[in-house]
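Reviewing the structure listed below.
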Amino acid sequence: VSSTSVTKGLNPGVAILAVFIGHVLVCIPAILDGYVGCVLGINFPVFTRPSFGMRGSYAAVFVRGVVACIWFGTQSFQGDQYLQVMISAIWPSFDDFPNHSAASAHVTRSELLCFFLFVIVQLPLLWLHVSSLRCMFMAKTVIMPIFGLTLFIWAIVAAKGFGPTFSKPTKIKDGSPVIVAFFQCVTSAIGPKATLALNMPDFTRYAKDSTQVFWTQTVGLCVLVTMCGVLGVTVSSAFEVIYGKVTWNPLEVARLWENRPAQFFAGLCWAFAVIGTNISANSVSFSNDLSLWFPRYINNRRGAYICAMLGVLAMPWYIQYR
């Protein structure tokens, strides 16, 4: 989000401010939704009943379930690109993988191969109960900040300091007013996290103390996720200084490195982050939604695997192309 704002023409400092404001705004419903889930011990499908009624809640749950399936597919397609970086770092010849797909398919054979491999990697984790995923998310909170700090240091050193990186003036490329671009960045920061805020009761229902909801969301969204935004702004701005190109995609940064081990571990960290997001934001929520519709036949595990299947059938490469 933040790197996209830089490529749009915002000054790096302004882009960071917009991302921070967006995360503060989305933190409020995340805390409130999470508090209800913790105190009452209910998940999202039950949480919708006071607002939509017993029958109306089925419609709300259905909408969220459809979105979760689509996002599972699109996130997995994003993860397959990180997997491609990892494989190419080990076997550079993979970049020349033969492609016989039609141009209208909007996907190459190598992308399809890595997409299905990435989905298969996620399947064992879908078998685990939500409470058993604590270790994975704790590992993510340790690994990703270290990786982000390393990438941040590389960007500053390679760009020869903060000056060239953050001195870029605000110049909106599409000609729109700066205030419009600023609030577009704010809403872009809110959008991806709004799903997590909505899903919060699915996780906080397992919390033992309601105070955990407040500090985890405040620190997680307002501090740690904003730090990710700072990383995106820094790397995107430094990339323009170093290579003379403008990009929001971290894959393009990694592909220009001449260090193959660095490419591999960067792809591994990004893929790990996508898996955590895919499970927390998509498969768990879809499982809870489907169990409301078919409580006799669907549990969390079955729902998660159905979500994975429908995510593949959504053909996310078409979504990304359009």
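Keep in mind that glycine also has a Cβ here, set from the backbone N, Cα and C atoms.
Heads up, TrEMBL stuff is auto-annotated, nobody curated it.
Here the structure is a predicted model, which means the values were calculated and not measured.
Annotated features in TrEMBL:
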TRANSMEM  12-32  transmembrane segment
TRANSMEM  52-73  transmembrane segment
TRANSMEM  112-130  transmembrane segment
TRANSMEM  136-157  transmembrane segment
TRANSMEM  178-198  transmembrane segment
TRANSMEM  218-243  transmembrane segment
TRANSMEM  264-283  transmembrane segment
TRANSMEM  303-319  transmembrane segment
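Counting C-beta pairs under 8 angstroms (sequence separation of 6 or more), the transmembrane segment (112-130) fails to reach the transmembrane segment (218-243), with fewer than 3 such pairs.
For the transmembrane segment (136-157), the most Cβ-contacting stretch among 52-73, 178-198, 218-243 is 218-243 (pairs under 8 Å). With Cβ pairs under 8 Å as the measure, the transmembrane segment (264-283) is packed most heavily against 52-73, out of 52-73, 178-198, 218-243, 303-319.
Between the transmembrane segment (303-319) and the stretches 12-32, 52-73, 178-198, 218-243, Cβ pairs under 8 Å are most numerous for 52-73.
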